[in-house]
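Colleague: Here you go, one structure.
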Amino acid sequence: MASDEASPAAAAERIRVVGAWAGSLEVELGGWTVPMLRAEVARRAGGVEPDRINLIFGGRVLKDDPPASLQQAGLKGNAKVLSTLLAPDRGKAIAAQAAAAAAEEEHNNRLVRLWNAAEALCQRHTDGSFHEEDFNLDLEDQSGQKVMFGSVDDLKAVKMALMLHQKAKTFIKRDMHKEALDVLAMAEEAFSLCDPKLIERVDNVPMLQLDIVWCYFVLRDVSRLEVAGTRLERARSGFERSHGKDSARFRLLQAGRHADLAIYVRLELLEGVVAYHNGNTVKARESLTSAQAKYMQLQVPDEAISILMSMGYGARAAKRALKMTGYDIQSSVDLLCEEREKKIRRVQEDMEMQKEIMEQKKYGKTPMNKAVNMQKLKGLVAIGFEKKLAAEALRINENDADKALDLLTDPEQNCILQHKIMSKAKRLSRGSGSGSSSSRAAAATTASGVNNSQTPVDTSANVPDGSAMEESHVLPVINEEAANNVEAVNDDETVNHEEEDMSEESAEGEEEANPPPVRDVAMENELAHEMTGDALDDYDIDVSNEGQAISEYLSLLDSAA
């Protein structure tokens, strides 16, 4: 409410209001906000709802968001404000429009964050950048083997597409199909950045096309039928290239199992729906009948599930195995055993990978914010160089193995490098190196806590406490000549400290010249947490909705006939 007396903290100013309510108000321009003025005018206009009052000043409508003082909104003493009374429905409509616009803006901002986070993750886990996380992203096929692509750009594009596609699948499972469509469009764009010849033999792209059309269907978006038909044709041809004619190649890879049956139920259902709405009833009935036959094959008897559950398997895992093996108990047990062995092997591999990442972090960043290349480090260690010495040589030479080898084989440079590492270790052991850039060489590191994996994008599991990085220690001297040189250098402490300070200043300058990009940690972790690492997850589709839709459209065809 307006105060009839001036506030002791600030002088009140008088403004004039005309329109729905006419009169003068004494307000504190620096303390009052637009919502406060709107509420006061609404009260004096007869106690109407504040959202029905529209305030206009200087030819523009005063907005509540962001909340600003009247002074910030441009009002001054003796300002004239026009108030209009909106119809009840009109006020609600404006409020609904504002809410919808805010929600749309938030959704668009989230999409931008998703793209940037996926791009940043793939960049770090593709071009050798220093990992801020304790996991790694790799491409795997259905058997768990690492997949390599032609170029770094292709590898990055595929990883981005798969991460975004996985995020869209999460939206689909939550019945958020409109949001899923936007993310699927981004995944499709990421796939388009990759060489088509490299991905035409995998079924990830046709799966993406199928998911897009499924979202059209669930949203009842009949206006996209024409483009839906085109997408389904691409999906059909893509599955034939990757799975073979009548899925012969897929059956061979899957040891005769029918893991892809649910995919073809959905595909043929959607083909039938598109044909029905285009007036091609013959094609519609053919597709829907075929989809119904496959759907019936996926109805697992309760008795078979009970048998597997009595062996100690969970209901969901048992049902999935039975669907993919045609209810064969022995084949289902074999499949479940294979999956269990894969999980055990993956955990072991992930633990080894995380140990390597933690060791990699211990060696610090290169001048270009890259991590030490572990393969090149293993090569130098294999020919007899001490690991930490070789790692430092690679680090300061930006992972150039030839330059690192030249440094290590130069007795004088080798001696200086050994002394530098020893000095850092001594300072760290005394606690005098805290806050110094030299501690980068032994960064024992906080882990991000992300523990996820996805096929084909694979991440590592957490390592037990016993596998954490050990403290840095003094490196052994490689030869007697180097030992004598180190002793000679230690005789001159002043020169030694000057060299160390110059080295550290140089390292700090390199980091300042190449600062790491700002991370969206929350969005990156969200993407990582949604990776399943389950090779059969894409084929494990609950087709209950498809079954209802098949019956519905077959009934429509019968009625039309």
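Placement of Cβ uses the backbone N, Cα and C atoms for every residue, glycine included.
All TrEMBL annotations are machine predictions without curation.
From TrEMBL, here are the annotated features:
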{"type": "DOMAIN", "residues": "33-81", "note": "domain 'Ubiquitin-like'"}
{"type": "DOMAIN", "residues": "299-339", "note": "domain 'UBA'"}
{"type": "DOMAIN", "residues": "371-411", "note": "domain 'UBA'"}
{"type": "REGION", "residues": "424-469", "note": "region 'Disordered'"}
{"type": "COMPBIAS", "residues": "435-449", "note": "compositional bias 'Low complexity'"}
{"type": "COMPBIAS", "residues": "450-462", "note": "compositional bias 'Polar residues'"}
{"type": "REGION", "residues": "481-518", "note": "region 'Disordered'"}
{"type": "COMPBIAS", "residues": "489-513", "note": "compositional bias 'Acidic residues'"}
Colleague: Across the domain 'Ubiquitin-like' (33-81), what are the DSSP residue counts per state (helix, strand, coil)?
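Modeller: Here the numbers are 14 helix, 11 strand, 24 coil.
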Colleague: Using DSSP, how many residues in the domain 'UBA' (371-411) fall into helix, strand and coil?
Modeller: 29 helix, 1 strand, 11 coil
Colleague: DSSP helix, strand and coil counts for the domain 'UBA' (299-339)?
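Modeller: Per-class counts: 31 helix, 0 strand, 10 coil.
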